[in-house]
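Asker: Got a structure for you, questions after.
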Amino acid sequence: MKLIAPLYLLRHGETAWNTERRMQGTRNSDLTERGRAQAQAMGRALRIELGRDPGATIFLRSPLGRAQETSLLVGRELGVDPDVWRDDPRLAELSYGAWEGLSWKEIEVDRPNALADWRADPHGFCPPGGESHADLRRRSEAVLADIIASGTRTVVVGHGVSGAVLRGVNLGLDARAMFVLEKPQDAFFRLTHGTEERILAAFATELTAGVNSD
């Protein structure tokens, strides 16, 4: 099956834990002022994109708080009712298990080679009590199949790693290539079958120094 109608994939805005470089996973951290500005800017840019081809749109989001907060700010810029958003747990971020809330520096106190081990086996590596990329890929493939089956233009607000895997599935990438995909919070992606376009969302210059962590 091919992705015919475009899929617009947004990552949540910057959070407090992003600035501290902490693993968020299934735990939540609220958007910062910059994160809220990023969400609003993505909403304005998305409004332009959707306005070029008016029509039916499905709005999906992760059930995690930072994605929901972002979706509401985006929706406000689009002028859509908050109730249009449908929560899909398959869009949640990769679970980091016992590592959630910790920085890499804190993680490597107990496991000095954790990041190197993950990079060596991005598909099979699993944080203690968490998920592997293989687990995440399975739910990403399932949600993408449902989006394709709908045949309808779709907007998704999700996360860094889960979004990268969803993009990677569409692009036909292996786990290692997915692992290094950028995860911007000041841009989003327009996906069609086997391709993607990066769309920059301009926002106040004094708020542009973002942090690209999970």
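Yeah, the Cβs are placed from backbone N, Cα and C, and that goes for glycine too.
All annotation found in TrEMBL is predicted automatically rather than curated by experts.
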Asker: According to TrEMBL, Arg11, His12, Gly13, Glu14, Thr15, Ala16, Trp17, Asn18, Glu93, Leu94, Ser95, Tyr96 bind substrate; which one of Arg47, Arg52, Arg61, Arg66 is annotated to that same site?
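Answerer: For the substrate site that includes Arg11, His12, Gly13, Glu14, Thr15, Ala16, Trp17, Asn18, Glu93, Leu94, Ser95, Tyr96, TrEMBL also lists Arg66.
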Asker: In whole Å, how far is His12 (active site, tele-phosphohistidine intermediate) from Tyr96 (substrate binding site) when you measure between their Cα atoms?
Answerer: 18
Asker: List the Cα distance (Å, whole number) between Thr15 (substrate binding site) and Glu93 (active site, proton donor/acceptor).
Answerer: 14
Asker: Can you count the other CB atoms that lie within 10 A of the CB of Arg11 (substrate binding site)?
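Answerer: Its Cβ has 31 other Cβ atoms within 10 Å.
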Asker: Taking the Cβ of His12 (active site, tele-phosphohistidine intermediate) as centre, how many other Cβ atoms lie within 10 Å?
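Answerer: Around His12 (active site, tele-phosphohistidine intermediate), other Cβ atoms within 10 Å: 33.
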Asker: Give the sequence-ordered list of residues that share a chain with Arg66 (substrate binding site), lie 6 or more positions from it, and have CB atoms under 8 Å from its CB.
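Answerer: In sequence order, the residues whose Cβ lies under 8 Å from that of Arg66 (substrate binding site) (at least 6 apart) are His12, Gly13, Thr15, Gln24, Asn28, Ser29, Asp30, Leu31, Gly35, His159.
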